[in-house]
Amino acid sequence: MRVLGIDPGIATLGYGVVEYKNNKFSPIVYGAITTDAGVDKAFRLYTLYKGLEDIIKLYRPEIVAIEELFYNKNSKTVITIGEVRGISILAAVNSGVKVYEYTPLQVKQAVVGYGRAEKQQVQQMVKVLLNLDEIPKPDDVADALAVAICHCHSNNMLERLGYGR
């Protein structure tokens, strides 16, 4: 199974494509799509959309896994992240790829085994599970890979129970 994990952000959108086969993870590609704060928001969203569309076309994931919104006191931030999630989901759906959403708690639980794990613990497990030399930077990239790993673990468990996604 090939999964594209996305950590949505307007300035930095983290992405990571992971192959999961025979209970082993292989990182295919990972990185960040960045936009400049001085540019019109509509163009920034378009840049992120086109970047994701290109990644999906090139690496052909079967699934897109994206982090769900979490509560933030800054309503402007929540709205902007919601817009980025919207274009991310649209890029996947327009490419015929199924989308799954996971809360930060679900991601931590799946990757570390503890839903209240610290960010550093999650990043370290991403490094270990993907057999990487170092923790991917920026943090958004490690977070995106964690979301992809979360889907693989969740799907694997459901398949064992006979409820494969």
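Backbone N, Cα and C define each Cβ position, glycine as well.
In Swiss-Prot this protein carries:
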ACT_SITE  D7  active site
ACT_SITE  E67  active site
ACT_SITE  D140  active site
BINDING   D7, D140  Mg(2+) 1 binding site
BINDING   E67  Mg(2+) 2 binding site
Chain-internal residues near D7 (active site), provided their CB is under 8 angstroms and they sit 6+ positions away: L13, G14, Y15, E67, D140, V141, D143, A144, V147
Conformational class of D7 (active site) under the three-state DSSP mapping: strand
